[in-house]
Ligand code: 5RP
């Protein structure tokens, strides 16, 4: 198997193993979390896990959960989330994250920050010393505000680019009907301050900085032909 896929699979399985019966589980978005969702489904099917309900962070998570037999609920029906499992695009040494590679960070931030325990699942290529060094920061924007928000982001020193679809002409439209500006900042020295500054721009729904939200970061690594998982 491709080594990156192997790391994602192992780390997804390790996170799924942490889910206990009776839990409300936040289901993240992306290719790593997809493995966690698959393994939670397998544990349910085998009877190892019972009585759990998932809260999906995206259309993708909802489809996968249904495919793997995980019953779903909403934040209107429950007053807690016990555990959330989600991927990330960058993780710094303080466990702050950039998320939104799948344009799902707005719902992900709601669900992940409500969870008693938020477990991040990544392969080791996602570890960085400083956020922003490898991945542009996704910012979800109301369609009618894309032009002024672009100018405001440039004034902050960023280089915003409208995210375009793949095998779809025109912009990516989020699950909420908005657009994504991917903003290159090179190095984000104060993620907590930038997170607040960006969310203060009129027309910005949410940005992909997750500061102080992660409780546990599981990292997949490849050694020889096999993958291992370590806790950061
Ligand atoms: C989606 C996300 C994903 O969790 C992030 O992009 C990581 O994805 P993958 O596990 O496919 O690398 O934030 O909005």
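Glycine residues also receive a Cβ, built from the backbone N, Cα and C atoms like all the rest.
Per TrEMBL, substrate is bound by 29, 30, 31, 32, 86, 87, 88, 89, 99, 100, 101, 102; the candidate from 126, 168, 184 named for the same site is 126. Ranking the binding-site residues 99, 126 by the number of CB atoms within 10 A of their own CB puts 99 at the top. Taking the centre of the Cβ atoms of 29, 30, 31, 32, 86, 87, 88, 89, 99, 100, 101, 102, 126 as the substrate site, the nearby residues of that chain (Cβ within 8 Å, site residues left out) are 28, 33, 104, 122.
Least crowded of the binding-site residues (29, 31), judged by neighbouring Cβ atoms within 10 Å of its own Cβ: 31. The record assigns 29, 30, 31, 32, 86, 87, 88, 89, 99, 100, 101, 102, 126 to the substrate site; their largest pairwise CA distance measures 16 Å.
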